[in-house]
Amino acid sequence: MKLCFNEATTLENSNLAKDLEYCEKHGYDYIEIRTMDKLPEYLKDHALSELAEYFQTHHIKPLALNALVFFNNRDEKGHREIIEEFKGMMETCKMLGVKYVVAVPLVTEQKILKEDIKASSVEVLTELSDIAEPYGVKIAVEFVGHPECTVNTFSQAYDIVMTVNRDNVGLVFDSFHFHAMGSSLEDLKKADGKKIFIYHIDDTEDFPIGFLRDEDRVWPGQGAIDLDAHLSTLKDIGFSDVVSVELFRPEYYKLSAEETIRTAKETTVEVVSKYFKI
């Protein structure tokens, strides 16, 4: 299994250039590039071609653009903006050699019926699939374990991607989001491992279902999530591609960028290596 770094882990104590430097130094294979902040910040002082050259001349490679945010159940203007943003991402993927775009469902306090969420998600993902196909890019849908997210359990997200039924549309499996809204391990056991494109590893403090938020995440293996169950099940269903460490903990942002990146690797490898060669 390959090791990836998700830039949320150093959101407030680093930038893309430093993330790349330290991830390369500490032996990461991939990086998920944050398109809402770290990439635009980088492009203020660098050309995209410089980033492409960096990846061509170093071990670390770009795994995903993270993320196309709130893709479903938008009004007409919002939908057009999503499509245009995604088309721009395709050109970035082409230049950098990025394999995936992470797509995050709408977060809202508005109550939307599940059938309407599914219908919109399937329609938009099918449209995105058509756009991505010529580029060879895959779409990884990330359900979010918050009550306000329109797609917040594994079973709901899996049903959507199976209904889309495209080879280039699958899931991000995030241990925090799976745990946070009480997703069922039995549902994961029945899933096709080929429909999981990226595994986000993390852990969390032990708050009740519905109360957990991203800032509650802790180093893998140091919290309440049964990561052994997640990893053993992922192995059983045939997933073995890439693990990406993604934390949002404010106290970790007070560390140096290098210490955060080094500790993220050490804690991830310690947990994952019981089940996968990494």
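Cβ coordinates are placed from backbone N, Cα and C, and glycine is handled just like the others.
Annotated divalent metal cation binding site per Swiss-Prot: Glu142, Asp174, His200, Glu246, in sequence order. Shown in sequence order, Glu142, Phe143, Gly145, Tyr199, His200, Asp202, Glu246 are the residues of the chain, 6+ apart in sequence, with a C-beta less than 8 angstroms from the C-beta of Asp174 (divalent metal cation binding site).
Around the Cβ of Glu246 (divalent metal cation binding site), a 10 Å sphere holds 27 further Cβ atoms from the protein chains shown. Same-chain residues that are not part of Glu142, Asp174, His200, Glu246 yet have a Cβ within 8 Å of the Cβ center of the divalent metal cation site turn out to be Asn6, Val102, Val172, Phe173, Ser175, Phe176, His177, Ile198, Tyr199, Asp202, Ser244.
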